[in-house]
Amino acid sequence: MKLQVTNGRVIDPSQNLDAVTDLFIEDHRIIAIGTAPADFVADEVVDASGQWVLPGLVDLAVSLREPGFSQKGSIASEGRAAVSGGVTTLVCPPNTKPIVDTPAVAGLIQDKADEAGMANVFPIGALTQGLAGEQLSNMVSLTDAGCVALSNHRQPMANTKVLSRALEYAATHDLLVIFHPDEASLSAGGCAHEGLTATLHGLQGIPETAETIALMRDLLLIEKTGVRAHFARLSCAKSVEMIADARASGLDVTCDVALHNLLLTDAVLNQFDGHYHVLPPLRSENDRLTLIEGIKQGVISAICSDHQPHEKMAKIAPFAATEPGMANVEILLPLALRLMDEGDLDLDTLLRCLTVGPASCFGLEAGSLAVGSFADFVLFDSTAAWTWSKDNVRTKGSNSPFLGEELKGRVSATYISGQLVYANPVVNQ
Amino acid sequence: MMRSDPRALQLNDQGQLKHFLTLDGLSKNILTEILDRAESFLSMGEQSVKKVPLLRGKTVVNLFFENSTRTRTTFELAAKRLSADVINLNIETSATSKGESLLDTLKNLEAMQSDMFIVRHSDSGAPHFIAEHCTPNVAIINAGDGRHAHPTQAMLDMLTIRRHKGQFEGLKVAVVGDILHSRVARSQLHALTTLGVEEVRFVGPKTLVPEYFAELGATICHDLRAGLDDVDVIVMLRLQKERMAGALLPSESEFYRLYGLTKESLAWAKPDAIVMHPGPINRGVEIASEVADGEQSVILNQVTNGIAVRMAVLSMAMSGQMQAQQQEGGE
């Protein structure tokens, strides 16, 4: 199968490319850009005139909810949502039921993902058995079964000694460990950023120190053990400074941020709307701006959706009693582009953090349209105005405060390994 | 999907109360109207026939997810004096499925065609949630939600202050103790600043007085003497025993030593300062018996005023709710 994508504006931060040109695809991979290779005769030509042609997005945090939480979502439903948002590679957390602490569960997730034929799915394995923070998981077996990294997710470790040992063991085998810095004794019971809004509305706060104390401890242990490390979902200004300092002193750590922490602050909580209940919480304007600055400076190299679908009932409760998380994977790109429209980030930086940035944090072969890469790409109509609503929502969880809002820019089609996996029904009538 | 602002949620198109959820965002006019109306009910309490027919034929449900005999009783009395039929429901929440049980409970109560829910709940924002998810023709009255608001308590405090001091302008008010966990203090801050007092001081150790209140207009004092200096009104808050377990305080005795209101510390305030307490009192923990029972104490007046204020709020919200319904029906 030979495919030619013609006349699109190809934007690929991995090779500093932004030009109207053609892509040539054969055997699932990109074999040329611009000029057709000799003897190339396309079986199919995709006219991308007026559209952006982007590398498929790489999302480091998509909860698929399978196995164990079928009321919230499934690998098929959330995979469909992901590709409709242009996400072709996603990483899913280990907090399923059962937890991803055995090769069988890791294998099941990948098998189901293959069967669904949607995005490329990479599970994160549990760092400790049952995420209980006590006994090490079979890290090597999990890695052999396809886990790209290990993490205790947001679950606390029993003590620092267990964490230290887990990191030493992971370092022995050169495994990547994902940290969600959170000092549980400080965040327990909290549901909002400790600050003016939480104080005014009587919501129990989560102080900045819940994140920064854990982050500092983790950085010291990373330095000591030499483990490969990535920090997930930073929310505080101070965390960005700490990571920047650590990197400046030679520690090779990467980090990501959830898109909603770049768009929103705790000011939105004044309506007690549980759709804004996320962990780590939406913080202050200073935090938001410093996170954006961290992206500009290259300290933060990935933006993720932190997609967490829920059944309707999970959000129908007083704020603190709602389950945390919002489900935005299918609008990741138009939502992220608001940061460009607001003048916060330029297009190249933004796309880098959604493609090659996250791919390189996890060492994934994705997020690039360079010759030889898998032909995972997205056709994007950057000018289309549309409303994301109950009528066109694809995730099983429709728990997003953005549902019902008008968005600018829409994914027209998504290809994985040169195969069409999603075509927008409105565009392709 | 965007939900309405709770401050707007409680007003009808004419800007009158149809729910009573928070004092945040309510105008001075509405607060004054509540106080004036409560005054008129107060004089009625002295008559032999204490009932008025303002809520005749209406069903009022006391929906208490958190136990409070005192508050529930004063609401019950207020509703009965307005001639309403009153049902009391005490519902303990299960920690695991609060949301479901709350919504299910609501659906059941809606089916009973009630006209008003008086809600107490341990989660901040629960009455807002109920006002949004409940059938539209029911007026929701907040009888205390989490740490967020206790607007009728704050309004009865305002009535007590006005009856003793005549006006709010120029007054200095000190609120002492566990501000962090206090829905009363939050509602008092909104009321006092809206009604135009000169200064509201929040007094206590840093563990119990979040610095963020300074941004909301309160003066933060960690020293009782500085906090009480020259004040006209002292509000002592109840100190819960759990605060010691939460490592917020070393002991009741040290708290009493530093922040307890005694005859000696009371002398730091103006000679005619009044002493208030939302109750129930911990004698010898936050307040000395001789002060609680002393000449400057108006604690029992607060209780009497509480019934009048609740009658005022219930009748205003019910009439605002009916107006909103008529308007909808007419459209």
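Glycine is treated like the rest: Cβ placed from N, Cα and C.
For B:18-162, the entry in TrEMBL reads domain 'Aspartate/ornithine carbamoyltransferase carbamoyl-P binding'.
Note: B:ARG120 (carbamoyl phosphate binding site) has non-local neighbours B:LEU63, B:PHE64, B:PHE65, B:GLU66, B:SER68, B:THR71, B:ARG72, B:ALA143, B:GLY144, B:ASP145, i.e. same-chain residues 6+ apart with C-beta under 8 A of its own C-beta. DSSP assigns B:ARG120 (carbamoyl phosphate binding site) to a strand in the three-state reduction. Look at TrEMBL and you will find B:ARG70, B:THR71, B:ARG120, B:HIS150, B:GLN153, B:GLY279, B:PRO280 tagged as carbamoyl phosphate binding site.
According to DSSP, B:ARG183 (L-aspartate binding site) sits within a helical segment. Annotation comment: TrEMBL describes B:LYS98, B:ARG183, B:ARG238 as L-aspartate binding site.
The annotation domain 'Aspartate/ornithine carbamoyltransferase Asp/Orn-binding' is assigned in TrEMBL to B:169-316.
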### Message
For the carbamoyl phosphate site (B:ARG70, B:THR71, B:ARG120, B:HIS150, B:GLN153, B:GLY279, B:PRO280), what does the 8 A shell look like? I mean other same-chain residues with CB within 8 A of the CB centroid.
### Response
B:SER68, B:THR74, B:ALA143, B:GLY144, B:PRO278
### Residues from the binding-site residues B:THR71, B:ARG120, B:HIS150, B:GLN153, B:ARG183, B:PRO280 that lie close to chain A, Cβ under 8 Å, in sequence order
B:ARG183
### Message
DSSP secondary structure for B:GLN153 (carbamoyl phosphate binding site), reduced to helix/strand/coil, please.
### Response
helix
### Message
Radius 10 Å, atoms counted are CB only; among the binding-site residues B:ARG70, B:HIS150, which position scores highest?
### Response
B:HIS150
### Query
By a simple count of other Cβ atoms within 10 Å, which of B:THR71, B:GLN153, the binding-site residues in the record, is least packed?
B:THR71
### Message
As a quick check of your reading of DSSP, tell me how many residues in the domain 'Aspartate/ornithine carbamoyltransferase carbamoyl-P binding' (B:18-162) are helical, how many are strand and how many are coil.
### Response
65 helix, 27 strand, 53 coil
### Query
Counting other Cβ atoms within 10 Å of each Cβ, which of the binding-site residues B:GLY279, B:PRO280 scores lowest?
B:PRO280
### Query
Cα-Cα separation of B:GLY279 (carbamoyl phosphate binding site) and B:ARG183 (L-aspartate binding site), in Å?
13
#### Entry: B:ARG238 (L-aspartate binding site): nearby binding-site residues from B:HIS150, B:GLN153, B:PRO280, Cα cut-off 10 Å
B:PRO280
